[in-house]
Amino acid sequence: MNGTEGPFFYIPMVNTTGIVRSPYEYPQYYLVNPAAYAILGAYMFFLIIVGFPVNFMTLYVTLEHKKLRTPLNYILLNLAVADLFMVIGGFTTTMYTSMHGYFVLGRLGCNLEGFFATLGGMISLWSLAVLAIERWVVVCKPISNFRFGENHAIMGVSLTWGMALACTVPPLVGWSRYIPEGMQCSCGIDYYTRAEGFNNESFVLYMFFCHFTIPLTIIFFCYGRLLCAVKEAAAAQQESETTQRAEREVTRMVIIMVIGFLVCWLPYASVAWFIFTHQGSEFGPLFMTIPAFFAKSSSIYNPMIYICMNKQFRHCMITTLFCGKNPFEGEEEGASSTKTEASSASSVSPA
């Protein structure tokens with residue numbers, strides 16, 4: 001084994017020289033240069049000062065403007081809540097522990113940080129899947145005369161929380177566990193060991209199938225069908241200028257959504273799967289640290305992609321920031337036609 005396993009931790013370094021110490025009790029500067037911990041802390045600080053205001057503003061603006069309280073925006077609000085969980089429960093903890101060079105908060109702190117960070121990520125991931133289903137049902141109309149209403153939105157939000165808790169609670173009660181990972185300043189699921197009594201293997205397989213493969217398949221299927229529906233609608237209308245413009249807008253949004261999802265989650269999931277299937281192989285602390293913090297950056301990507309590209313929300317946000325006035329009123333009105341065009345394209349069912 002090319003690492004050192006201890007009670008509730010795994011250090012990616014063989015303890016041949018006797019310098020490996022518990023990440024709950026001693027600084028881990030023997031793993032990487034101390035400057036790396038300072039960089040990690042600065043990165044966490046950046047995510048906090050950007051992620052918290054953007055997601056908090058999303059909640060505040062939606063509550064402030066009644067016209068934004070639509071069923072679809074329930075899911076978008078759920079995304080903001082998930083991101084705030086990650087910011088408050090995960091990023092602040094990681095920033096604090098990186099300043100000390102080890103997980104100074106102990107086992108309880110590791111469980112809490114791992115739980116809240118993973119919970120936020122899972123709620124976010126399943127919210128994206130529910131959004132994909134909503135877009136598919138509304139645009140492609142696989143169910144005739146179906147309207148996405150408040151009850152459907154509440155069911156979608158409940159589903160995201162139920163699935164997220166089904167993934168994050170088991171490690172707290174003995175099915176797998178949360179341990180420090182990477183530079184040992186943040187905690188995650190134990191992909192690294194086959195510790196007796198925790199059944200890590202079965203939990204990781206369950207998590208990857210139910211909480212990564214399934215939502216990823218849903219997202220690709222729904223957005224794939226959405227693109228086909230828009231193209232078929234454009235062909236049926238002989239590719240009018242209005243439809244072409246709407247098609248480009250929807251296509252751009254879908255591409256950004258999928259790329260954002262993959263950038264955030266695929267590197268982390270791929271590395272975690274590699275570590276799980278190659279337990280005992282040699283890898284450095286940065287091997288898991290870098291993709292883990294790509295995933296954490298989703299707290300910024302989500303509101304930018306799913307909220308700030310919404311013209312109506314952007315107008316309300318600017319109005320709120322400027323105390324009831326929108327200094328860019330003319331520009332917003334000039335862009336409103338695109339929104340109408342996209343809506344008209346969405347109302348055409350595929351041939």
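Glycine is no exception: its Cβ is also placed from the backbone N, Cα and C atoms.
Taken as a whole, the topological domain 'Extracellular' (1-36) shows an average pLDDT of 88 in this prediction. Look at Swiss-Prot and you will find 1-36 (among others) tagged as topological domain 'Extracellular', backed by a curator's inference.
Just so you know, the Cβ of N2 (N-linked glycosylation site) picks up 12 other Cβ atoms within 10 Å once every protein chain is counted. Residues or ranges marked as N-linked glycosylation site in Swiss-Prot (evidence: sequence analysis): N2 (among others).
The N-linked glycosylation site feature in Swiss-Prot is assigned to N15 (among others); the stated evidence is sequence analysis. The 10 Å shell around the Cβ of N15 (N-linked glycosylation site) contains 13 further Cβ atoms across the protein chains shown.
Annotation comment: Swiss-Prot describes 37-61 (among others) as transmembrane segment, evidence class similarity to another entry.
Residues annotated as topological domain 'Cytoplasmic' in Swiss-Prot, with a curator's inference given as evidence: 62-73 (among others). Taking DSSP states H, G and I as helix and E and B as strand, the topological domain 'Cytoplasmic' (62-73) has 9 helix, 0 strand, 3 coil.
Same-chain residues lying 6+ beyond the ends of the transmembrane segment (74-96) with a Cβ under 8 Å from its Cβ atoms: 40-41, 44-45, 47-48, 51-52, 55-56, 58-59, 62, 104-105, 109, 112-113, 115-117, 119-121, 123-124, 127-128, 130-131, 134, 150, 153-154, 156-157, 160, 164, 185-186, 296, 298-299, 302-303, 306-307, 310. Annotation comment: Swiss-Prot describes 74-96 (among others) as transmembrane segment, evidence class similarity to another entry.
Long-range Cβ contacts of the topological domain 'Extracellular' (97-110) within its own chain (Cβ-Cβ under 8 Å, at least 6 residues beyond either end) map to 8, 23-29, 34, 37-38, 40-41, 44, 178-180, 183-187. Residues annotated as topological domain 'Extracellular' in Swiss-Prot, with a curator's inference given as evidence: 97-110 (among others).
Feature annotation from Swiss-Prot assigns transmembrane segment to 111-133 (among others); the stated evidence is similarity to another entry.
Positions annotated as topological domain 'Cytoplasmic' by Swiss-Prot, on the basis of a curator's inference: 134-152 (among others).
Under the heading transmembrane segment, Swiss-Prot lists 153-173 (among others).
Residues annotated as topological domain 'Extracellular' in Swiss-Prot, with a curator's inference given as evidence: 174-202 (among others). Sequence-remote contacts of a segment are chain residues at least 6 beyond its ends whose Cβ falls under 8 Å from one of its Cβ atoms, and for the topological domain 'Extracellular' (174-202) they are 3, 5, 8-12, 23-24, 28, 31-32, 36-37, 40, 90, 93-94, 97-98, 101-103, 110-111, 113-115, 117-118, 272-273, 275-276, 279, 285-289, 292.
Taken from Swiss-Prot, the feature N-linked glycosylation site applies to N200 (among others). A 10 Å cutoff on Cβ-Cβ distances gives N200 (N-linked glycosylation site) a total of 23 other Cβ atoms nearby, all chains included.
Only residues 6 or more beyond the boundaries of the transmembrane segment (203-224), in the same chain, are considered here, and those with a CB under 8 A from a CB of the stretch are 122, 125-126, 128-129, 132-133, 135-136, 163, 166-167, 170-171, 175-176, 189, 191, 254, 257-258, 261, 265, 269, 272-273, 276. According to Swiss-Prot, the feature transmembrane segment maps to 203-224 (among others).
According to Swiss-Prot, the topological domain 'Cytoplasmic' annotation covers 225-252 (among others).
For 253-274 (among others), the entry in Swiss-Prot reads transmembrane segment.
Per Swiss-Prot, the feature topological domain 'Extracellular' maps to 275-286 (among others); the stated evidence is a curator's inference. Assigned with DSSP, the residues of the topological domain 'Extracellular' (275-286) fall into helix, strand and coil as follows: 4 helix, 0 strand, 8 coil.
The Cα atom of C323 (S-palmitoyl cysteine) lies nearest to that of K296, taking the recorded positions N2, N15, N200, K296 as the candidates.
N200 (N-linked glycosylation site) sits 23 Å from N15 (N-linked glycosylation site), counting Cα to Cα. The list of residues near the topological domain 'Extracellular' (275-286) in space but at least 6 beyond its ends in sequence, with Cβ under 8 angstroms from a Cβ of it, reads 1-3, 12-13, 28, 31-32, 36, 182-184, 191-194, 204. Long-range Cβ contacts of the transmembrane segment (111-133) within its own chain (Cβ-Cβ under 8 Å, at least 6 residues beyond either end) map to 72, 75-76, 78-79, 81-90, 93-94, 105, 156-157, 159-161, 163-165, 167-169, 171-172, 178-179, 186-189, 211-212, 214-215, 218-219, 221-223, 257, 261, 265, 295-296, 298-299, 302, 306.
In this view, the densest Cβ surroundings among the recorded positions K296, C323 belong to K296, judged by other Cβ atoms lying within 10 Å. N2 (N-linked glycosylation site) is 27 Å away from K296 (N6-(retinylidene)lysine) when you measure Cα to Cα.
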